[in-house]
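Swiss-Prot has this to say about the protein:
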{"type": "DOMAIN", "residues": "8-195", "note": "domain 'EngB-type G'"}
{"type": "BINDING", "residues": "16-23, 41-45, 60-63, 140-143, 175-177", "note": "GTP binding site"}
{"type": "BINDING", "residues": "Ser23, Thr43", "note": "Mg(2+) binding site"}
Amino acid sequence: MFKDRPDRSDEVVLVGRSNVGKSTLMRAVTGHQVPTGQKPGVTRQPNHFDWASEDFMLTDLPGFGYMQGVEDGHEEAIKTEVVRYVESHADNIMVGVLVLDGKAAVDIIDRHSGGDEIPHVVELYYLLEELGVQPVVAVNKMDKVDDRDERLNDIADRLGLYPPWEQWQDVIAPITAKKDRIAALEDAVNSHFDAAKRDDLKQFFS
C-alpha cells in the first residue's frame, strides 16, 4: 500500500493516531509546508522530507484510528502498513517520535485498556523499543492542557515509565507544534543523536 521509500541511510519517523498533529510537527521541524487538515487521516501515504545533500530524512507516517471518508477496514490496513514500515526499516530509523494529543491521550489509552486489549499507542511504543528504535513521546497540544505535570505523569505511567515524568525528559517531550514550541522534542532527539555519536544529525532538530 505504501509507495517506495527514498534511499536514505538515516531516518526519524513520526507515528501516532490520526489528528494528533504529526504533519504540523513535521512543518515545525523542517520549516516547510506539508499537507495538514482538520479531517482525521489526511495523510494516507508516508510523507518524506529529505535534504538533498544529506543522507537523512524525516518521515511522517499516516495516522491510525478514525479516518473520515474511508472504507471499513482501511483504518486497520493503515495501522498494519505503519507497523510493517517501522519493522522493515528499523535499522535505518534513529528515533521513532510517537506523537500524542496531550489533552486526549490518557482518556483514549484508558478507553482501550483492559482484558486482552492493548491500546494502539502503547503497543506502538513497545514495538519501537522491541525493534531497537529509540522512542520519544511528543506530547502535543500542551497549550490546551491545564494540569500539565499531572497529565504528563499519567502519560508516563500508562507507558510503563515510573513518574515523575521529569526524569524521562529524553523520552517524554511536551510540545505545542502549532505554535512552534518544540524545544523539548529537539532536546530529546538530540540527546539520542549524542548517544549514537551522530552530532552531524543535530542540525535537523535545532
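Each Cβ is built from the backbone N, Cα and C atoms, and glycine gets one as well.
Where Swiss-Prot records a feature, it is marked here on the structure.
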residue : record           : contacts (Cβ under 8 Å, 6+ apart)
Gly16   : GTP binding site : Lys22, Gly63, Phe64, Leu98, Val99, Leu100, Val121, Leu124
Gln45   : GTP binding site : Phe2, Lys3, Pro62
Lys141  : GTP binding site : Val20, Gly21, Asp101, Gly102, Lys103, Thr176, Ala177, Lys178
Ile175  : GTP binding site : Leu25, Ala138, Val139, Asn140, Met142, Arg181, Ile182, Ala184, Leu185
Task = Using all protein chains in view, find how many other C-beta atoms are within 10 Å of the C-beta of Ser23 (Mg(2+) binding site).
result = 23
Note = Counting across all protein chains, other CB atoms within 10 angstroms of the CB of Asn19 (GTP binding site) number 21
Task = Sort Gly16 (GTP binding site) into helix, strand or coil using the DSSP assignment.
result = strand
Note = A correct count of other C-beta atoms within 10 Å of the C-beta of Pro62 (GTP binding site) gives 25
